[in-house]
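Notes for the one structure printed next.
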Amino acid sequence: MYVDTSAFTKLIVEEAESVSLAHFFDETRAELVMSRLTYTEFYCMIKRRAIKPENWESMARQSFNQIKVFPVQESDYLEAAASEWHLRGADAIHLAAALRLGCDAMAVFDAELAEAARARGLEVPSF
């Protein structure tokens with residue numbers, strides 16, 4: 001299952017769906033993957049929100065070690081740019097990466113990205 005930044009963030013920073021998402025991952029035991037883009041987006045979000053490191057740093061490190069992280073490839077950028085998805089740039093790259101990696105599901109909280117993922121045949125669970 002591909003984990004986009006919105007889902008990864010909820011695993012680290014307590015938000016409305018954090019508990020249900022963590023429970024879902026514990027129950028399904030799905031193999032979790034994400035792209036290096038998530039790493040960049042997550043750290044930018046943390047800085048933007050000015051969240052203190054003691055509130056997330058060790059949990060983030062542990063999670064990055066438990067989720068397989070893949071680099072974004074040139075083909076992901078090209079697929080995202082050529083797509084008909086009408087997504088924000090980073091979301092289109094996440095979807096392209098999930099498809100390239102052969103994922104059958106995607107953990108995401110953005111409605112437009114979820115719709116595009118479903119249209120491409122990915123399962124998008126509700127949390």
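Backbone N, Cα and C define each Cβ position, glycine as well.
Residues or ranges marked as domain 'PIN' by TrEMBL: 1-118. Taken from TrEMBL, the feature Mg(2+) binding site applies to Asp4, Asp91.
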For Asp4, Asp91, listed as binding-site residues, tell me which one has the smallest number of other Cβ atoms within 10 Å. Asp91
Could you give the mean pLDDT over the domain 'PIN' (1-118), rounded to a whole number? 90
Using DSSP, tally how many residues of the domain 'PIN' (1-118) sit in helix, strand and coil. 75 helix, 11 strand, 32 coil
